[in-house]
Amino acid sequence: MANDDYSVRKLTADDLPEFSRVIVKAFLSDDDFDSVVEAERTVFEPERATGVVADGRLAGVGQILTRSVCVPGRGQTPVGGVTSVGVAVDHRRRGVLTRLMREQLHGMHESGAEPIAALWASEAAIYGRFGYGLATDYIRHEITAKTPFRPGVDLGDDRVREVARDEAMPLIRPIYDRYAAGRVGAMGRGDGNWDYHYLDLPYARRGMSSLRFAVHPDGYVAYRVRGGWSDRGPDGRVVVRDFVATTPQAYASIIRHLLDIDLVGQVEINGGVDEPLALLLQTPRAALCHRFDGLYMRLVDLDRALCARGYASAVDVVLDVADEFCPWNAGRWRFTVDTDGTAEVTRDTGSPDVSTSSADLAAAFLGGTRIATLAAAGRVREHTPGTVAALSTAFLAERPPACLEVF
Ligand SMILES: CC(=O)SCCNC(=O)CCNC(=O)[C@H](O)C(C)(C)COP(=O)(O)OP(=O)(O)OC[C@H]1O[C@@H](n2cnc3c(N)ncnc32)[C@H](O)[C@@H]1OP(=O)(O)O
C-alpha cells in the first residue's frame, strides 16, 4: 500500500467498537476487548476523535479529550488531552501517526480550540518530533512498610477511615477539586474522568485487589493491595492509585495509615519531583525513588498558550522560535510580562535575545523544566546576556508541577 492511499476522517459514536479494536491490538490487550470498550466509553468524545482509513477500515486512531490542567497563577486552564493513539501493526511506519497528529494539531489551531495539547506517552521517543515537550516528571516511591516517622511529625486529631467506594466518592471529589485548583500540573476531572481513572475491571487491576478507599477530612487515598509471602514472612504490597492531602496533618496521617497495614512489605506511591514524603521518615533511605517522564505538553498556538499562565517576574525579550510541525508558531515573538505576572505575546521583527523551539517552551510551560537547564543542554540559546536568567526566573512556579493522572 502506498503512503498516499490513506484518508483521514472524523469518527462518530458508532465507531467506538472499531476504534476500541484498533486500541486493543495496538496496546497488546487482545483478550480484554469488552473491558477496553467499556473504559473508552467513559471518556469517548467522537466529535474529537480521528481515524486514518485504509481500504475502508481504521488503520489508526487517536482522540482529544476536553480536559483542563492547573497552570501557574491561573488555576485550571483548558487543554486538549490527547489519548488512545494507536496504529494497526501492519500499517506502521507509513506516516499514519503523523497524519493523526497533523489532523489534531492543525485542527485545534484552525478551530481556535484549546491553545495547548497534553498527553502521556507510551514511549518517550515518539512525540518530540510533533513539538511536544516534557513538562512534568514524577517519582515512584517504594517505601518499606512500618518505617517510623521522624520525631515531631504532626498527625493531627482526625482519623483516617476505610470506607466503601460509594461512601468515598462524594467525600473525595470536593477534596480533589480544592487540590486541583491550586496544585500546578493537576488535571481537572469531570464524571467520565473519575470513572476512567477509577476503573476496576480486571485488566486495570493487574492481578491486584479492587480499589480500596481511605478518607480523612482533608485528604483521601485510593489504593490496591496484593498479598504475598517471602521466606522472611509476610510481603504484601500496597499500590496507591490516587492520593491527595490538602494539609500536612492529612498528608502524614494517610501515609502512616498505609505504612502500618499489616502483612505488607512495600508501599508504592507516585508523587511529584518535590514530594515531601521522604521528609517525614526517620530513615529517608527507606523510600526508594525512581524518576519517570510524566505529562508532555504542546503549545498549539504559542501566543495564546504563553498568555494562559501567570509568571513569577517581569521580563521583556524577543524570542526566535523554531516549530516545523506547526509553522504558524515559528519566527520572532516579543514576550513581555508586567509586574503582576501577566504576559503579552506579539509578532516582532527585532533581533532575538533568545533562540528556542516551541517544544522547549512547552517543557518549561508549567515551571517543571527550567529555561536555564534547557540552555545548559544547548536547547535554548542566549544572544543577549542575562535574558536566559530572566526568562528562567519568570517561568518558575511556587513548586515544581505534579501531574499524577495518566489519561
Ligand atoms: C498519547 C498516547 O496515546 S501514547 C500511545 C501511542 N501508541 C502506542 O504506543 C501503541 C503502539 N504503537 C503504535 O500504535 C504505533 O507504533 C505508533 C502510534 C507509536 C506510531 O505510529 P506510526 O504510524 O508507525 O508512526 P509514523 O509512521 O507516523 O512515524 C512518524 C515518525 O515517528 C517515528 N516513530 C514512530 N513510532 C515510534 C516509536 N515507538 N519510537 C520511536 N520513534 C517512533 C517513526 O520512525 C517516524 O520517524 P521519521 O519521521 O523520522 O520517519
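If you go along the chain as it appears here, the first residue is 1 and each next one adds 1.
Just so it is clear, glycine is given a Cβ too, placed from its N, Cα and C backbone atoms.
The feature domain 'N-acetyltransferase' is assigned by TrEMBL to 6-150. The acetyl-CoA binding site annotation in TrEMBL covers V85, G86, V87, R93, R94, G95, V96, L97, T98, S122, E123. What TrEMBL lists as active site, proton donor is Y127. What TrEMBL records for F407 is active site, proton acceptor.
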Worksheet entry | Structural state census, the domain 'N-acetyltransferase' (6-150) (DSSP three-state) | 53 helix, 54 strand, 38 coil
Worksheet item: In whole Å, how far is F407 (active site, proton acceptor) from E123 (acetyl-CoA binding site) when you measure between their Cα atoms?
Response: 15
Worksheet, complete the sentence: Cβ neighbour count (10 Å, all chains) around T98 (acetyl-CoA binding site) is 15
Discussion item. What whole-number Å value do you get for the CA-CA distance of V87 (acetyl-CoA binding site) and F407 (active site, proton acceptor)?
Written reply: 18
Fill in: Spatial neighbours, same chain, of Y127 (active site, proton donor) - Cβ under 8 Å, 6+ residues apart
L119, A121, Y296, R298
Worksheet item: If you run the three-state DSSP split on the residue listed as 'active site, proton acceptor', which class comes out?
Response: coil
Practice prompt. Looking only at C-alpha atoms, tell me how far V96 (acetyl-CoA binding site) is from the residue listed as 'active site, proton acceptor', rounded to the nearest Å.
Written response: 22
Worksheet, complete the sentence: In this predicted model, the domain 'N-acetyltransferase' (6-150) has a mean pLDDT of 96
Discussion item. Going by Cα-Cα distance, which of the binding-site residues (V85, R94, T98) sits nearest to F407 (active site, proton acceptor)?
Written reply: V85
